[in-house]
């Protein structure tokens with residue numbers, strides 16, 4: 001885990017930290033228009049896949065095989081793009097290969113912990129625990145990279161997290177083991193988000209497609225091993241031999257895998273351009289938008305408290321966006337002033 005996070009010796013932020021000036025994070029060098037376009041695409045794909053997964057898992061209750069499908073499509077899709085010359089592979093050292101192998105394990109373990117903990121806690125508790133990912137992300141950045149955000153950024157996270165708690169309010173239930181695993185999952189999810197960003201903006205500076213290509217086959221193999229160990233493979237073989245899975249179902253699964261590939265590409269690219277903290281905030285906002293879509297599409301009933309929570313989250317997201325835009329402008333003005341005085 002330390003190897004995954006500690007890429008500071010030669011990355012941009014570490015070099016800047018040697019001076020007295022605050023280092024400028026990579027996301028502050030990206031134009032607001034590009035960042036908003038990436039976030040919009042990420043949101044749309046994320047919401048579409050959430051709804052798609054809900055429909056697929058209802059008829060295909062094999063979460064580990066679904067994960068294997070998603071990562072396999074990621075490997076296949078990136079291989080096609082590589083063959084067509086959309087990106088080139090970087091020559092990596094043994095240490096870099098080890099980091100990517102570790103990242104693939106982090107990817108699958110994060111899913112495993114989430115699935116296991118969800119069986120030991122109620123869904124509302126799982127959602128409100130996951131809403132604290134922005135806090136964990138900030139703590140990781142402060143502990144590992146000595147990076148600090150403005151007080152306005154910290155304050156803007158309060159309504160976002162509180163709003164998710166209100167929007168997902170329900171029967172809170174958890175076992176002791178479930179509580180520990182849930183918050184361990186929060187830490188792992190935050191580490192995964194930060195590591196993803198650092199792989200693209202730190203020492204390695206790998207393109208998103210290359211990371212997906214190198215990570216997806218390993219993650220697919222690991223997910224298949226989990227599926228075999230949990231009995232999913234044997235159960236689906238029984239269904240296949242009995243002719244219970246139609247051609248239309250296979251086509252739906254293929255569409256699900258392709259959409260997951262598009263989301264993975266969008267997610268990695270957005271993480272690189274918008275930053276790990278913004279991605280964590282987006283995950284909170286997605287929870288509220290998923291509830292809203294559930295009301296529209298599936299006639300989900302929510303109370304006044306839940307509806308108010310969605311409004312609070314949306315307002316918090318708007319404040320966070322304004323704070324980040326102001327921070328970007330301030331960083332760019334500082335950089336311009338430094339270049340003018342040099």
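Each residue, glycine too, has its Cβ placed from N, Cα and C.
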Transmembrane segment per TrEMBL - which of 176-199, 200-223: 176-199
Of 64-87, 280-303, the range TrEMBL labels transmembrane segment: 64-87
Quick check on the annotations: TrEMBL lists transmembrane segment for one of 229-247, 248-266. Which range is it? 248-266
Which is it, of 13-31, 127-145, that TrEMBL names as transmembrane segment? 127-145
Taking 3+ C-beta pairs under 8 angstroms (sequence gap of 6 or more) as contact, is the transmembrane segment (34-52) in contact with the transmembrane segment (248-266)? yes
Against which stretches of its own chain does the transmembrane segment (248-266) lie, if we need a Cβ under 8 Å and a gap of at least six residues from its ends? 38, 41-42, 45-46, 48-49, 52-53, 55-56, 59-60, 66, 69-70, 72-74, 76-77, 208-209, 212, 216
Does the transmembrane segment (176-199) reach the transmembrane segment (64-87), going by 3 or more CB pairs under 8 Å (6 or more apart in sequence)? no
Using a Cβ cut-off under 8 Å, which residues of the same chain at least 6 positions beyond either end of the transmembrane segment (64-87) come close to it? 53, 56-57, 108, 111, 115, 207, 209-210, 212-213, 215-217, 219-220, 223-224, 226-227, 230, 232-233, 236, 253, 256-258, 260-261, 264-265
